[in-house]
Amino acid sequence: MKFGKVLFAAAAATAMSTAAQAGTLDDVKAKGFLQCGVATPLPGFAAPNAQNEWEGLDVDVCRAVGAAVFGDASKVKYTPTTSKERFTVLQAGEVDMLSRNTTWTFSRDVNLGFEFTGVNYYDGQGFMVNKSLGVSSATELDGASVCVQTGTTTELNLADYFRSKGMSYETVPVATAEEGAKVYDEGRCDVYTTDASGLYSLRSTLSAPADQIVLPEIISKEPLGPLVRHGDQQWGDISRWSLNAMIIAEELGVTSANVDEMLSSENPEILRLLGAEGNMGEQLGLDAKWAYNIVKQVGNYGESFKRNLTDSLNIERGINAQWKDGGLLYAPPMR
Amino acid sequence: MSAETAQNARGSGGASLLSDQRFRSLFFQALVIGLFGAFLLFIILNTATNIEKRGISTGFDFLGVPAGYDIAISPFFEFKATDTHGTVFWVGLLNTLMVSILGIFAATILGVILGVLRLSPNWLINRIVYCYVEVTRNVPLLLQILLWYSIFLGLPSVRQSISIWDTFILNQRGLIVPEPIPTAGFMLVPICLVIAIVGSFLFSKWAHKKQDETGKIYPVLMTSIVSILGLPILAFIVAGFPLEFSYPELKGFNFQGGLSIKPEFTALWFALTLYTAAFIAETVRSGIQSVSHGQTEASEALGLKPSWTMRLVILPQALRVIIPPMTSQYLNLTKNSSLAVAIGYPDIVQSFGGVTLNQTGQAIEVIFITMLVYLTISLVISAFMNWYNSRVRLVER
């Protein structure tokens, strides 16, 4: 016991002595690139294209932070993570931030030592089945075999949903979306469940996408967003406001095409955003043109959404529209 | 302290200490232990510091929290999502033990058969076994597991199941057999089984003693087999067949009722068995070959029957060579079972070490417990095999 106390005291002393170390921003700047944790290929959110460059809605958040920090959205390296290993990778410091369709929950925010820095996609969990089964509602799924990715909130919602409806099911755990698509295609499970966006994305990778239907029930709230390690406020702010800048840019009508003209806009909010007025960049520890670079190189939120989700996967804006248009996107004002 | 001892012993100081062999060896041992201790201390402190700094909560309280997710395979008791992470641990442990123990049994039987066939004078048989051994033990186990899994997934779908008298159902979601449900009076059967086993054991001891005293030989093996099989069957008949079966029935998406053996389990079990059997076959072959042919000739000259020659002369000498490498094969099989995670068989690594770790975020605690489990299982197997080894060891005079 005595040894344990000595050990603990020593640990505490070391903790105090190392608390004043350099922040993540300095580390990232010293490295010369941002290391961003993303999904194992999930088309629309994070997947390498034909030129082997990562693209997707989540990837664009990484690129926005890269543009804000370096003025160059391409200074980002990607670490594909499974749902199981994503948190360990971030905790261990192997990535600087995680932008990986991860649901913001209480325990992840509080207990795991993370800080969610916004929501880039409001999602909800749904079910996909083969049309030939003749199922039209999730309430008819009693006794089905369900494929689900392990270590996700999806897995917990699934258990809750079936329990609350008094239905039984067989769980078939899979590690990645790709593996899940394969097992579902083979027929090991009747139902695939994940966030609705993930279902549309997954459907595009199946052998017969047209034979699948997504059931109308959405059984959970899944606010997906980027997260960083708890405790580095400055880095958290950079991540949060890079995303907000994309959302605000859309709200103000600033796009990658017109951003240069907007520099001479009459609207003071636009001028603050683009760094022509005020010292927002300096307050974040970044260049004055940080948000200008984001919009110029990555585009605003709407552009990113259209490019990654609407054009290729036919996903509508839905609740992910701006608040003015009846959606949930609502960034705090830039002032 | 070691320096003092050495100094007192020698009664000299400084330079001559280095030339003192005893002092030198003590010094370097102390140095190595010290460095190792410092390394451990550094790791522990570093971990504690980083956990503290990142605000990650620690402790084992999570074991009492409801797991919230379901596990498909829990053959020994029913697992519900409302059960705790502590229960997940037991489910995972039992699943690991189940596939390991069944794997060890099957691999031993298959391995011994293959090992003996490998020595067959029939050219075709021993070449076939040779090819099997070389192919199986040189293809990575993970690939074999994935191969078997895709073979099982390639079976007919639920609606096109292969059905034998509507009793045995085979499809890509597993093999479903009737589930025996004991009714009143069934307890008589296991009781009789225990009585038969104890009886056979006592009889064999008594027969050995008699043989030592009088030289008369009793049919121990036959008596044991007949009583161990016969007595429970007799009890079963006397109790009036106290067993009902629940038959599988297609309802909705899946077959309900019956006992379902999932493809995840079967694929893992097959792969582990076939892979390890190849190694065991080689061990058995080398063990038998290590006994010189002179031994066989000598025992024949004494007039022993061939079966006795094998049991009393060859095997005891071969086992001396076979047992130690066999132990490591058993340990390998147990540890290899953790590859279950690749196909979603809920062993301890997949369920507790994977999903629970992820849902609770208590990585260090979970990995620590999981490592402890494998260490314990391995030490138990090791201890048993060492005990067995010392029993079959030749007593040299």
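Glycine is treated like the rest: Cβ placed from N, Cα and C.
The domain 'ABC transmembrane type-1' annotation in TrEMBL covers B:93-385.
Look at TrEMBL and you will find B:26-48 (among others) tagged as transmembrane segment.
Feature annotation from TrEMBL assigns transmembrane segment to B:60-77 (among others).
Tertiary neighbourhood of the transmembrane segment (B:89-117): same-chain residues 63, 71, 73-77, 79, 125-126, 129, 132-133, 265, 268-269, 272-274, 276-285, 287-288, 326, 329-330, 333-334, 337-338, 340, 345-353, 356, 369, 373, 377, selected by CB-CB distance under 8 Å and a gap of 6+ residues from either end. The transmembrane segment feature in TrEMBL is assigned to B:89-117 (among others).
Among the features that TrEMBL reports, transmembrane segment is placed at B:129-151 (among others).
The transmembrane segment annotation in TrEMBL covers B:184-206 (among others).
According to TrEMBL, the feature transmembrane segment maps to B:218-241 (among others).
The annotation transmembrane segment is assigned in TrEMBL to B:261-281 (among others).
Among residues of the same chain six or more beyond the transmembrane segment (B:366-388), those with a C-beta under 8 A of the stretch's C-beta atoms are 89, 93, 96-97, 100, 323-324, 326-327, 330-331, 334-335, 338, 348-349, 352-353, 356-357, 360. Feature annotation from TrEMBL assigns transmembrane segment to B:366-388 (among others).
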Tertiary contacts of the transmembrane segment (B:261-281), as residues 6+ beyond its ends and Cβ separation under 8 Å: 72-73, 99, 102-104, 106-108, 110-112, 114-115, 118, 129, 132-133, 136-137, 141, 144-145, 147-149, 151-153, 155, 172-177, 326, 329, 332-333, 336-337, 339-340, 343-345
Surrounding residues of the transmembrane segment (B:184-206) on its own chain - C-beta under 8 Å, 6+ positions past either end: 218, 220, 223-224, 227-228, 230-232, 234-236, 238-240, 242-243
